[in-house]
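Per Swiss-Prot, disulfide bond is recorded for C43-C84. According to Swiss-Prot, the feature domain 'Ig-like' maps to 27-98. According to Swiss-Prot, the feature domain 'ITAM' maps to 163-190. According to Swiss-Prot, the phosphotyrosine annotation covers Y173, Y184, on the basis of similarity to another entry. As annotated by Swiss-Prot, region 'Disordered' applies to 146-192. Feature annotation from Swiss-Prot assigns region 'NUMB-binding region' to 160-177; the stated evidence is similarity to another entry. Positions annotated as region 'Proline-rich sequence' by Swiss-Prot, on the basis of similarity to another entry: 164-171. Look at Swiss-Prot and you will find 1-21 tagged as signal peptide, backed by similarity to another entry. Per Swiss-Prot, the feature topological domain 'Cytoplasmic' maps to 138-192; the stated evidence is sequence analysis. Annotation comment: Swiss-Prot describes 112-137 as transmembrane segment, evidence class sequence analysis.
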Amino acid sequence: MQTGNLWQVLGLCLLLVGAWAQDDTEQNPYEVSISGNSVELTCPKDFENGIQWKRNNEQMKGHNEKYLLLDQFSEMESSGYYQCLATEGNTEAAHTLYLKARVCKNCMEVNLLEVATIIVVDICVTLGLLLLVYYWSKSRKAKATPMTRGAGAGGRPRGQNRERPPPVPNPDYEPIRKGQRDLYSGLNQRGV
C-alpha cells in the first residue's frame, strides 16, 4: 500500500472513531430574545418541581417560571452568569449562560435586504443629482456669450503682435534714489 493511501485510510479511521465516541446527550441552548430595553431568557429544560433562576450564583426571588424577563436591562448592571435549575435539590441539572447584551430604547431591527436597498437607492439618487448638475452647468456654459479679456484686465493677446511694443517697466519697483543703499540692496552680490 502506498503511503498516500495509508494516510487517507488512517484519517478515515480516526474520523469514524471520533464520530462514534461523541456524546449522545444533546444540549439544548438557552433562547435569548432582545426587544427594546427588555431581555427574555428561556430555560432549555423543563423541571418537574419548578424552576429557580440565579444570577452570579445569587438566587433571583420572584422568578420561578421557564421564562425570565429582565425589564430595563443594563449592560453594566445586568450582565453576568445566569442559571436555571430545579427548585429542590438536583443542582447538577443547572444550565449556565453568560449574558452580556446591548439594548436601546428606540432601536429598530433591519434585515440585509433592507440595508442593501437603502444603499442602492442612495447611490442612484447621488448619481442622478450628479448628472443633473453636470448637464445643467453644460447647458449654461453653451448659452453664455464668450467674453474677451481686454488688455487692461491683465490679459495679453496670445501669439506675437508686432505692432505693440513691449510693456513699460512698472515705476513702483524702481529705486527711489539712484545713489541710496537700501536695507536689502547688498544681498546676493558676490561679484562686487
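Using the three backbone atoms N, Cα and C, a Cβ is placed for every residue, glycine included.
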- [ ] Restricting to the same chain and to sequence separations of six or more, state which residues have a Cβ under 8 Å from that of Y173 (phosphotyrosine).
- [x] none
Task: Position of peak Cβ density within 10 Å, selected from the disulfide-bonded residues C43, C84 - done: C84
Task: Average model confidence [pLDDT] within the region 'NUMB-binding region' (160-177) - done: 72
TODO: Could you say whether, by DSSP, Y173 (phosphotyrosine) belongs to a helix, a strand or a coil region?
DONE: helix
TODO: Can you see whether DSSP assigns C43 (disulfide bond) to helix, strand or coil?
DONE: coil
Task: Helix, strand and coil counts within the domain 'Ig-like' (27-98) (DSSP) - done: 7 helix, 32 strand, 33 coil
